[in-house]
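Here's what TrEMBL has on this protein:
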type	residues	note
ACT_SITE	His332	active site, proton acceptor
BINDING	Tyr49, Tyr155, Arg190, His332, Arg335	glyoxylate binding site
BINDING	102-104, Ser131, Gln153, Thr181, Lys308, Ser330, 363-367, 386-387	FMN binding site
DOMAIN	23-436	domain 'FMN hydroxy acid dehydrogenase'
Amino acid sequence: MDSAAGTGRRRQDEVYRAGVYGHRPRVPTAARALQRRARERLGGRAYSYVAGGAGDETTQRANRTAFDRYAVVPRVLRDVSARDTSVELFGRRLPAPLLLGPVGALELVHPAADLAVARAAASLGVPMVFSNQASVSMEECAAVMGSSPRWFQLYWSTSDELVESLVGRAEVSGCDALVVTLDTTMLGWRPRDLDLGHLPFALGKGIAQYTSDPVFRRLVEERAGAAPAPAQVGAAASRDRQPRPTLPAVRALVGMARAWPGPLLDNLRSPLPRAAVETFLSIYSRPSITWADLAWLRARTRLPIVLKGVLHPDDARRALDEGVDGVVVSTHGGRQVDRSIAALDALPDVVAAVGGRAPVLLDSGVRSGADVLTAVALGARAVLLGRPFAWGLALAGEEGVRQVVSDVLGEFDLTLGLSGHTAVDQLSPDVLRRVG
Ligand SMILES: Cc1cc2nc3c(=O)[nH]c(=O)nc-3n(C[C@H](O)[C@H](O)[C@H](O)COP(=O)(O)O)c2cc1C
């Protein structure tokens, strides 16, 4: 495919030509420097939310160490002048084995949040997975993406009616697949956020898919209707049990009011924004889900269903037996279970268990084009990029995301060619050696 054949060279040309005029890339091209710069830019709570992981963050480190244990063994003299980085996934040809993974609460890092990511993804033809915890509704994001591919990631709510509504909206929004995240039936133990007492959703951040949903809004209205009016609460509670209105509490209320549709002033006087946060916190996930629930979902959508957070080969096998269309091997970026097996270490066994019956995707620890190549060589059909594009967003909005993704695509193309390959399907474990 000509358009993809020169991704790496084109990106280099762009950078070096601009360099002649004294311009440097707006965001660092290497992952470590990218994160460092984002840290300098962001406030402590936003940075910690994105960077943090579960417990001692052992899983996060393991995700990276796992990549370091593989080395590419380049081959030479093979005419790599024309390269095709494209792959096929659920009937679509993608420019490269890369998607933008679902990352919630992006308004913490940039006001344009998901909308900037959607625009950047669409400009490159790279699929974006809309997060269930997005800061902008899927309809608004889809509206700026034209026919560019998008998927929807679902957290299985305690309200079946809400799940049905979200799935229906994903279909209408032109999503190509449904990613059901299974590793977050409860939020992991995240010390960085705990020590700051910071949960974005409790402040009304990252709940746009809910506040834009008719079923959710009805549930909120029911809840607000059932709650005693504020005057009664005041009368009933004793004076010393009333929490003092601190500045953070006022800010939180304004944040909640902003999250609810309608004029801010009206919302500040309304019980609905607060009821929305409370409703969200009580229904966002259902830890009781089991394999038996999948049939219910299967019967309600024609979209391919992809399970995210599969790490055990037996679970992968079972998923396919239950009629699932794909799996994402993922540790949720080490945010859920500390001391978990690294995603890349889990990949070969899952690939073997699936045996080519469905695409296996991977995320957690992907930082560069060389990482993409490594995961694909180990059997991933494609990978999901996570934190790096959030850092790009933090530093330069839409342009920052576009640059980060272009850099990964460019490096993947060059690494493919420089290791002696001209197409993605030439990659196999033989391309790698285990080292260290
Ligand atoms: C700030 C943040 C928010 C996330 N939000 C979601 C989410 O809403 N849904 C989901 O399925 N995964 C979510 N994830 C997990 C990512 O989809 C992905 O699994 C993870 O970022 C991969 O790890 P990496 O970024 O270290 O490569 C989130 C990750 C981060 C860093």
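The backbone N, Cα and C atoms fix where each Cβ goes, and this holds for glycine too.
Pairwise Cα distances among Tyr49, Tyr155, Arg190, His332, Arg335, the recorded glyoxylate-binding residues, top out at 19 Å.
Secondary structure from DSSP puts Gln153 (FMN binding site) in a beta strand.
Sequence-distant neighbours of His332 (active site, proton acceptor) (same chain, 6+ apart, CB under 8 A from its CB) are Thr181, Asp183, Thr184, Gly188, Gly309, Ser364. Mean pLDDT, taken over the domain 'FMN hydroxy acid dehydrogenase' (23-436), works out to 96 on the 0 to 100 scale.
Checking the binding-site residues Gly104, Gln153, Tyr155, Arg190, Asp363, Arg387 against ligand 1, the ones whose Cβ sits under 6 Å from it are Gly104, Gln153, Asp363, Arg387. Long-range Cβ proximity for Lys308 (FMN binding site), meaning a same-chain Cβ under 8 A and a gap of 6 or more residues, is found for Gln153, Val179, Val180, Thr181, Leu182, Asp183, Val327, Val328, Ser330. Around Arg190 (glyoxylate binding site), taking its Cβ as the centre, 21 other Cβ atoms fall within 10 Å, counting all chains. Within the set of binding-site residues (Arg335, Arg367, Arg387), the lowest number of other Cβ atoms found within 10 Å of a Cβ is recorded at Arg367. Close to Asp363 (FMN binding site) in the fold, though at least 6 residues off in sequence, lie Gly101, Val328, Val329, Ser330, Gly333, Ala343, Val383, Leu384, Leu385, Gly386, each with a CB less than 8 Å from its CB. With the fewest other C-beta atoms within 10 Å around its C-beta, Tyr155 stands out among the binding-site residues Tyr49, Tyr155.
Neighbour count (other Cβ atoms within 10 Å of the Cβ, all protein chains): 27 for Gly365 (FMN binding site). Using a 10 Å Cβ-Cβ cutoff, Gln153 (FMN binding site) registers 28 neighbours. Around the Cβ of Gly104 (FMN binding site), 25 further Cβ atoms fall within 10 Å across all displayed protein chains.
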